[in-house]
Amino acid sequence: MLILNNEEETKKLAKLLAQSLKPNDIVLLNGDLGAGKTFFCREIIKHFCGENTNIISPTFNLLQTYKTSNFTIYHYDLYRLKSPEEIYELGFEEALNGNLILIEWSEIIKHLLTPPLIEVNLEVLDENKRLCSIITNSSESSLIDFLQASPLFSTKLDIQRDKSPTRKIEL
């Protein structure tokens, strides 16, 4: 696991992860209120859409979309979702067709999702510090290899490689 000491380190990690993302990836962000899920998503969106992109939290409308030249980013916040079926009213089937999906508070629909999934877990340690882990159930090792090769965090990476479909990346 990686301790992110401040927002700058969180930005760096989000941008690093964004470099490995591609259409059809689904990223689940977990953590308590104020853990930094939306902040993390904003940095991923900025990577694809530009630093000056006006990024609005989907907390009240549950969904915000952002167009890139090749695909759309669907940013969901499911905190207020009452039932799993409501996700389909938010264009989820369309989102699954060649787009990047970011989901905050995904627990309510996780059973509907099929691999590969990338989970980013953020835990508040204090006002500025977060504990972060990334888990993927992808059979491909491209994400693991990419993060492991990064000069930004490579000295802190402890990658668990096993034959199970779930691979935990402890930063």
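Quick reminder: no glycine exception, Cβ is built from N, Cα and C everywhere.
Under the heading ATP binding site, Swiss-Prot lists GLU7, GLY34, ALA35, GLY36, LYS37, THR38, PHE39, GLU127. Around THR38 (ATP binding site), the same-chain residues at least 6 positions away in sequence with a Cβ under 8 Å from its Cβ are SER57, THR59, ASP77, GLU104.
According to Swiss-Prot, the Mg(2+) binding site annotation covers THR38, GLU104, on the basis of similarity to another entry.
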Go through GLY36, LYS37, our binding-site residues, and report the one whose Cβ sees the most other Cβ atoms within 10 Å.
-> LYS37
Pick from GLU7, GLU104, GLU127: which of these binding-site residues has the biggest number of other Cβ atoms within 10 Å of its Cβ?
-> GLU104
Work through the binding-site residues one by one (GLY34, ALA35, PHE39) and point out the residue whose CB has the fewest other CB atoms within 10 angstroms.
-> GLY34
Over all pairs in GLU7, GLY34, ALA35, GLY36, LYS37, THR38, PHE39, GLU127, the listed ATP binding residues, work out the largest Cα-Cα distance in Å.
-> 16
DSSP state at LYS37 (ATP binding site), helix/strand/coil | helix
